[in-house]
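Here is what Swiss-Prot records for this protein:
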- 4-252: domain 'ABC transporter' (DOMAIN)
- 45, 46, 47, 48, 49, 50, 51, 52: ATP binding site (BINDING)
């Protein structure tokens, strides 16, 4: 089943110039893509290529300058109030900058309950039980419930944001560089959790990343983005080989797991 369909999406930002006239900076140009239920897709690209802007459009934080985004066959621009509430539950996003994505004055308990209060019909006791359950799912315990964001490490706060997104049982989870910055142990745990959710609920995942190793370990399909456009799309096999210049640049930038010793035929 197709969850998300993007057709001919373009976007620009207007800013004032020295002449006082508004100038338009193009960020996305004619982007089209689809995401299906249970699918894991990577959006791969260098910083500044338009990945995060596309993500903000997909979750409805901004409206595109041109083109259409459809969720389960319905255009986002035409959703009524009830449909928009359902959409906000169905699609959740975890941002790279976790400290900016939460209220620093709120406790972890309040942060986790927030989407449940607005998007689900659960009693307070049920919300608290699910908050505890979600923390356990991301390898955190109840000891963090009364802490505030400044009291947590960056990795812990990122996991709290992931738990918050998962608390409403979304059909699509968008992770904007949200896993790449975790250490390898935490990253492996998150990947195991997401695979479990896919098997149980058919949750789809869109990884926005520049981490090619993450793509190879977890994703079924990869789209390479460059200068606001999709440069290529391909299935992820045993070994990725890109045809686009942008893809090859990212592939060549990956360091080997261990340093390669150079062999010399002569002793110095």
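Residue numbering: from 1, along the chain as shown.
The backbone N, Cα and C atoms fix where each Cβ goes, glycine too.
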List, in sequence order, the same-chain residues at least six positions removed whose CB sits under 8 Å from that of residue 51 (ATP binding site)? 43, 45, 176, 208, 225
Around the recorded ATP site (45, 46, 47, 48, 49, 50, 51, 52), other residues with Cβ within 8 Å of the Cβ centre, ordered by sequence, are 210, 225
For each of 48, 50, count the other CB atoms within 10 A of its CB; which of these binding-site residues has the top count? 50
List the residues of the same chain that sit at least 6 positions away from residue 52 (ATP binding site) in sequence and have their Cβ under 8 Å from its Cβ, in sequence order, or write 'none'. 96, 176, 208
CB contacts for residue 49 (ATP binding site) [other CB atoms within 10 A, all chains]: 22
Excluding its own, the Cβ atoms lying within 10 Å of the Cβ of residue 47 (ATP binding site) add up to 8
Confidence summary (mean pLDDT) of the domain 'ABC transporter' (4-252): 91
With Cβ-Cβ distance below 8 Å and at least 6 positions apart along the chain, what are the contacts of residue 46 (ATP binding site)? List them in sequence order. 210, 226, 246, 249, 250
Once the DSSP letters are reduced so that anything not helix or strand counts as coil, what is residue 51 (ATP binding site)? helix
